[in-house]
Each structure stands twice: as structure tokens, then as C-alpha cells.
Amino acid sequence: MENTSEPKKRLWSMNFFLLWQGQLVSTLGDSIYEIALTFWILYETGSPGLMGALLATSLLPKVLISPFAGVIVDRTDRRKMILLMDFIRGVCILFVGIAAIFGFLEIWMAFVAGIILGVCAAFFNPAVTSTIPDIVPISQLVQASANLSMLRAIAQIIGPSSGGVLYHLVGPPILFLCNGISYMISFVLTFFMKIPKSTSQDQQYNFWQDMKDGFSYIWKMKGLRDLIVLAGFLNFFATISIVLLAPMFKNSESLGEVRYGIAMAIFTLGMLAGMVFTSVIRIKPDNKSMVLTVSGLLAGIVFSTAVMMNNFVVMAILLFIGGIFNALVNVLIESTVQLTVIQEMRGKVSSIKGTLTMGLAPLAMFIGGLLGEFFPIKTIVFSGFMAMTVLFIPLFFLKSFKSFIQYNPEQQKIGA
């Protein structure tokens, strides 16, 4: 089931190091770009509803294409796919930056750029995800997932905390340009990677059959199916809350853009602490289900409490704590999927999982933005996080879910 064409003795091989560096640079650029784009839209339109609609439109192509992209990823050279997607995104965002610098950037251009980024991400994400188990030892897969999540956390600490300040100091055009450059740096680093060939790459290609196989594979594994459904609903309610955080901070005299960036950085610092924990402390398989469920439950409670705080310091402390629990949930979900899915199905499963978990996100963004036009934004954000809390309660009683999360590759076979 596993491709063993290349020795895998240690976690920090040259391949993993190059992947880590490339992802760090591009993710840092993305985090700054996200801050710049969000507030650029809010200041240009003044409408949280239009902001939500724009973000939803940007995400929709990724959602629709992801299942098809996974099938293609499993049948193509993953290194070339990663390179191509980085190059296209780099050119696209460089154009956005140049357009902004020379004063001809329009809202519709941001729509088009968002669509292009979404399409590229639909191919890029499963290519990277399916590559990780082939360039690191299976015994260190959780640590690898934690380290990659950690770099995203580092980028989200530096990006938002500096993004709000840089937005006022240099303006969005320069920030857009920096993101385009970051993709090009990632492209250069990936060029030197060596990724083992997928065992399904040489097999006969049948697109629709592969799609069917991917859905069938997920459907037959009840634990995997339940995990993906859970992730989908969690993402839906989280997105409703998250999409309204920027306008919530912008409309508050005691908060504002700079504190929004600081708050997001502190939350991500908490995530980083959680990633460090999972990268150095091995969570025993028998404890994974309890850690996942309790962490998710506490994350929802802490986030709900944080947004109701009038004291920014207290809010920041709660966001840090919530970030720790959120990191534990993310790492355990991702590593469980990687451990339980065979190599030739990883791309398909990763894409389908991405589609099903993210499929409701555009709707959530639109609903969140629309609700923000008519109801108190803080109340909506609180309700979304509380809904996340409720979703974790049934997991204490689902034996099939517990057994799936606690899968041990050293004692069990996949599907056992």
C-alpha cells in the first residue's frame, strides 16, 4: 500500500525541509494578503454583506473543483503540479499588486483573482497533503503534520500582527505585491524537491471511476465518514463567526484594525503552542479520541466567551487558550486521515474531504455577511462559536468514532 521507493529515516530530510520553507514563505504572504484584502474590501464598499459575498465567490471554485482535482493529482506528477500552481498564483497576485500600485485595481479584479487562487488551491492542497506521508517516516507523521501546521501558525502570528500596521504604513498595493513574490520564492524552493512517484500514476486513467472510488472508500469507512461530516459542520459555524470578526473589530472604537491583527496573532500564537505540544509529545492512540473531543468542546466555549469580553487583554488571553485547543483538534483530525487512508487514495480522499468540509463555507460566508447587515455582529459571532461547542458533545457517546480516531498503525491494518 505504501510507496517505499525512497528511504525515509528521519523527519527533517531535505525534501521535507524544502517543503516546510516554501510553505512558510507563501503562507506568510497569504496571511498578510488576507488582512490587506479584507480591510481593502471593507473600506472600498463599507458593507460586511458584500465582503462576505466576495469571500464566498472566491472560495466557491475551490469547493467545486476539489473532488476532480484530487483525482488528477493522484494521476500526475505531484512535484510538477505544486510548481505549476505556485507559479500561476505568483503571476496572478503580482498583477493585482501592480494594478493597485498604478491605481486601476477594481472590485471585479479582486473577484477574478480570488477565483484563480481558489482553482489553484484546489490542486495544490491535495498535492501537498498526499506528498507528506511519502517524504517522512510513518512513525513521525503526526509530528510532520504538527510542524507544517506550526509554520502556518508562525505565519499567522507574524502576518496579522504586522498586517494591520503595514496596511496603514505602506498600503494594500505593496502588501499584494509581497504575496506574489512569496509564491515565486515557494516555486524556487519546490523546484529542488524530490517527490516519490505515486503508485497510481502509471495505472489506467478513468476519471469518473476514480471519483466513484473515492466516495465509495469514504462511505465504507464509517469513522472517516463521521469525521468528515463533523469537520464540515464545524467549519460552517466557525466560518459564520470568523467572517464577521474583521467588521466587529473595525466597528468598535476600542478595537480597530491594529488590535484585530494583534488578536489574530495571539490566537495563532496559542495554536503554535498547541503545535509545539503535539510535535514533541506523542499522544497515545488510546487517548486520541478523548483529547480531540475535550479540546473541541473547550475551544468552542473559550472562543464564545472571548468575543463577549470588553477588556481586550482578557479577550487576548482567552484567544490564546482557544488556539491551543484548536491546534490539538486540527492536528488529530489531519493525522488520523493520513494514517487511515492508503497511498493511492490519499489525493482523492483529501480533495473530497476538502470539498465536503469546505463546501458549506461559501454559504456560511454569505449568511454571516448577510446576518451582519441586520443583527448585532457580536451576537452572531458568539452564536456561531457556541454551535461548534454543541457539535462535540455527541462524540463522547459514538463508539465507532472513538475506534477510528484511536487507530494504531503498529497494531492494526487499514480498514481493520
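Yeah, the Cβs are placed from backbone N, Cα and C, and that goes for glycine too.
TrEMBL does not curate its annotations; it predicts them automatically.
Annotated by TrEMBL as transmembrane segment, the relevant range among 80-98, 99-117, 289-307 is 289-307. Residues belonging to the domain 'Major facilitator superfamily (MFS) profile' (15-402) score a mean pLDDT of 79 in the model. Counted over residue pairs separated by six or more positions, the transmembrane segment (16-43) shares fewer than 3 Cβ pairs under 8 angstroms with the transmembrane segment (313-333), which leaves the two as not touching. By the count of Cβ pairs under 8 Å, the stretch nearest in packing to the transmembrane segment (354-374) among 49-69, 174-193, 289-307, 313-333, 380-398 is 49-69. In terms of C-beta pairs under 8 Å, the stretch of 49-69, 174-193, 258-277, 289-307, 380-398 lying closest in packing to the transmembrane segment (313-333) is 258-277.
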